Amino acid sequence: MRFRIYKRKVLILTFVVAACGFVLWSSNGRQRKNEALAPPLLDAEPVRGAGARAGDHPAISVGIRRGSNDSAAPLVAAAPQPEVDNLTLRYRSLVYQLNFDQTLRNVDKVSSWVPRELVLVVQVHNRAEYLKLLLDSLRKAQGIDNVLVIFSHDFWSTEINQLIAGVDFCPVLQVFFPFSIQLYPNEFPGTDPRDCPRDLEKNAALKMGCINAEYPDSFGHYREAKFSQTKHHWWWKLHFVWERVKVLRDYAGLILFLEEDHYVAPDFYHVFKKMWNLKQQECPECDVLSLGTYTTVRSFRDVADKVDVKTWKSTEHNMGLALTRDAYQKLIECTDTFCTYDDYNWDWTLQYLTVSCLPKFWKVLVPQVPRIFHAGDCGMHHKKTCRPSTQSAQIESLLNSNKQYMFPETLTISEKLTAALSPPRKNGGWGDIRDHELCKSYRRLQ
């Protein structure tokens with residue numbers, strides 16, 4: 001009798017333990033499933049990490065475990081990593097959703113608000129310290145509250161998002177380049193481990209079997225994603241803001257293109273409006289405006305109210321380039337030429353378009369005193385140590401010492417020096433057919 005009772009208790013206890021185990025297993029399974037389906041609220045930067053601010057977009061990490069490119073990679077597809085792929089896909093999905101939603105901030109009635117005669121588009125990478133200086137200069141600009149500023153990003157960063165969340169002085173829209181290296185870290189348009197090394201000879205590349213062996217650039221080098229991205233981003237952005245940004249659907253004004261390391265003068269908007277009026281009245285043949293030059297001007301006296309008409313040159317007039325819709329439409333007709341010309345610089349490629357594809361070379365209206373300055377003394381084309389505070393202090397000193405000459409009442413055209421230029425020397429870095437086809441595809445994308 002005692003044995004039976006003991007056996008019954010053992011059986012009951014066994015069933016209880018089994019039931020508890022099943023419940024626990026089911027609970028963990030559901031939790032894992034839910035975690036897999038929910039967007040990961042991780043830090044925005046894979047290495048450093050940072051917290052998100054209330055009201056900011058969810059901060060999501062790419063979550064990539066990078067393979068080293070320093071060692072020889074096998075010429076076969078990497079083993080699938082579902083967890084990493086899922087994180088990357090969610091990140092891409094977030095960018096797609098934000099580009100679709102196009103949340104406009106700092107306007108009273110979103111449904112009825114329309115931009116005025118100028119929109120700024122700022123191409124942003126990852127240099128938060130320079131972006132902060134640009135934002136500080138925009139805050140000081142007279143009339144900026146009437147100007148929509150669109151920030152076009154190719155790098156997701158909580159720090160940068162927080163800087164832009166702090167912009168309360170003008171309407172703001174953020175869009176995101178959907179084919180960035182950050183979104184495609186181990187495959188094209190990022191760096192695929194099966195890509196050919198930059199300096200490998202073509203014959204050796206063909207023997208090696210790397211996937212872009214057939215497509216070195218004009219100088220025998222293979223693509224480097226970090227250099228290709230800037231040209232991709234610029235062309236995608238050009239098309240996206242004119243064709244896909246909803247609030248600009250019927251926009252008839254100009255778009256002024258800036259970069260994160262630019263710095264604007266307090267009277268840049270004032271001067272822009274007067275330049276636009278002058279262009280319409282006295283220079284209808286002018287194709288574009290440029291508010292920035294690299295000319296060093298110590299004193300604004302006698303020149304702050306002067307503008308010139310010149311042949312557009314990429315090395316002089318690529319900063320603060322302002323385009324009309326008509327100028328954009330002529331550019332976009334040259335998509336094939338832009339996307340296949342072997343130069344990784346967007347501005348040098350534009351220079352080539354002005355002598356090869358556009359109906360005529362560009363004439364640009366440009367002030368003798370720049371209203372947009374280049375604060376970035378380091379970056380893709382420079383090897384200097386970044387000193388953003390030093391650069392901004394120098395610009396501020398220049399502006400403060402000449403403030404009595406700013407905000408001119410009228411502008412006059414001082415000289416007209418226009419002549420067709422010879423085709424520029426290409427710089428290479430854009431020989432890969434994958435870059436060509438992706439670049440050409442932007443016109444077809446949503």
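Including glycine, each Cβ sits where the backbone N, Cα and C put it.
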One of Asp101, Asp154, Asp199, Asp326 listed by Swiss-Prot as binding substrate at the site of Gln123, Val124, His125, Asn126, Arg127, Gln229, Thr230, Lys231, His232, His233, Arg298: Asp154
State the disulphide partner of Cys334 as given in Swiss-Prot, choosing from Cys339, Cys357. Cys357
Quick test of reading the record: Swiss-Prot lists a disulfide for Cys339. Which of Cys283, Cys286, Cys439 is on the other end? Cys439
Determine, from DSSP, whether His233 (substrate binding site) sits in helix, strand or coil. helix
Simplified to three states, DSSP reports Gln123 (substrate binding site) as strand
Quick one: give me the count of other CB atoms within 10 A of the CB of Gln123 (substrate binding site). 21
Rounded Cα-Cα span from Gln229 (substrate binding site) to Cys196 (disulfide bond), Å: 17
Could you tell me which three-state DSSP class His374 (Mn(2+) binding site) falls into? strand
The one of His125, Lys231, His233, His374 whose CB sees the fewest other CB atoms within 10 Å, among these binding-site residues: His374
